[in-house]
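Sequence annotations record features per position, and here TrEMBL assigns repeat 'WD' to 78-111, 121-162, 170-204.
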Amino acid sequence: WRAMGKLQSKLSLHTTKYRTEGSVGQTGSIGTSQQHSPAHTAAVSSVAALKPDLCVSGGRDKSVAVCSWRSGAALRRFVGHEREVTKVTSALDSSRVFSASRDKTVMMWELHGASGPSQHFPGHELVVTGLAVSPDASQLCTGSRDNTVCKWDTETGECLGRATISRNLVTHLCWVPGEPYVIQTSEDKTTRIWDSRELQVAHTFPAKQHIQTCCDVSQDGRYCLSSSQGGEATLWDLRQTRGRVCEYRGHFQTTTSCVFLPRGPALAPSVATSSSDSTVKVWHQDTAGMG
């Protein structure tokens with residue numbers, strides 16, 4: 001087994017010396033990585049893919065940044081939120097960027113447009129904690145600690161629907177590729193499938209023992225992942241059976257994030273999880289063994 005663990009703690013302890021060209025000094029088993037000027041002036045709370053060579057991030061400095069991971073350059077910076085940015089997202093290969101904030105709003109930004117927001121989505125009563133955009137970037141789903149999930153028209157900013165479920169404190173949202181369905185995790189320990197057309201719950205997976213912190217959907221739309229404060233992540237089948245496939249156990253603290261890794265011709269399907277225990281683990285998707 002090969003563990004990809006404790007990267008954060010090792011980096012913070014051992015990468016105190018930097019070369020003049022900006023690359024991190026190599027220590028032990030950690031390979032050389034590129035260190036660039038910070039994209040934010042405070043903690044980064046969310047990051048998402050924008051294009052094959054671009055990513056978007058949001059932070060406690062209330063800003064949204066678009067960076068090139070090849071050059072390290074911050075290409076655009078958007079400022080407009082009044083409080084910390086909690087989530088960012090974008091439809092892949094789209095020029096539209098979306099950000100959610102503790103100021104209870106969501107904003108849309110144009111990569112090649114003005115520096116101000118091109119659309120504003122107010123309406124939640126508490127911090128916005130979930131953000132998912134349709135593949136064609138025409139619709140947006142948002143979720144909040146106010147127990148509501150909302151659907152929006154990204155062109156007009158109109159709220160097309162609002163659904164409230166008691167104790168449904170939303171922790172994350174993600175859109176199923178090629179489908180009208182949105183996956184949502186919650187502090188009520190459940191993972192739900194929403195039908196975005198009528199904004200109704202199409203399915204609720206059996207509740208877990210702990211708060212569900214994050215979710216992700218495979219590119220083929222067949223599976224979803226959810227992570228938990230109990231330290232595990234769960235693979236769910238989105239097809240007709242809609243049952244639990246397997247669990248990934250090995251973290252000793254909250255599993256904060258989970259993601260399906262891109263597949264390659266010679267690579268078995270894999271998932272990655274990160275945790276408050278300072279580790280990142282890579283797992284074989286089907287067997288739950290560590291890669």
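Glycine is no exception: its Cβ is also placed from the backbone N, Cα and C atoms.
For the repeat 'WD' (78-111), the residues of the chain that approach it from at least six positions outside its boundaries are 45-52, 56-60, 62-66, 117-122, 124-137, 140, 142, 144, 152, 154, 172, judged by C-beta separation under 8 angstroms. For the repeat 'WD' (121-162), the DSSP counts in helix, strand and coil order read 0 helix, 23 strand, 19 coil. Nonlocal intrachain contacts for the repeat 'WD' (121-162), taken as residues 6+ away from its ends with a CB within less than 8 angstroms of a stretch CB, comprise 86-92, 94, 96, 98-102, 104-108, 168-175, 177-178, 182, 184, 187, 194, 196, 198-199.
Counting residues 6+ beyond its ends, the repeat 'WD' (170-204) has Cβ neighbours under 8 Å at 87, 129-135, 139, 141-145, 147-151, 160-163, 210-217, 219-221, 224, 226-227, 234, 236, 238, 242 in the same chain. Taken through DSSP, the repeat 'WD' (170-204) splits into 0 helix, 22 strand, 13 coil.
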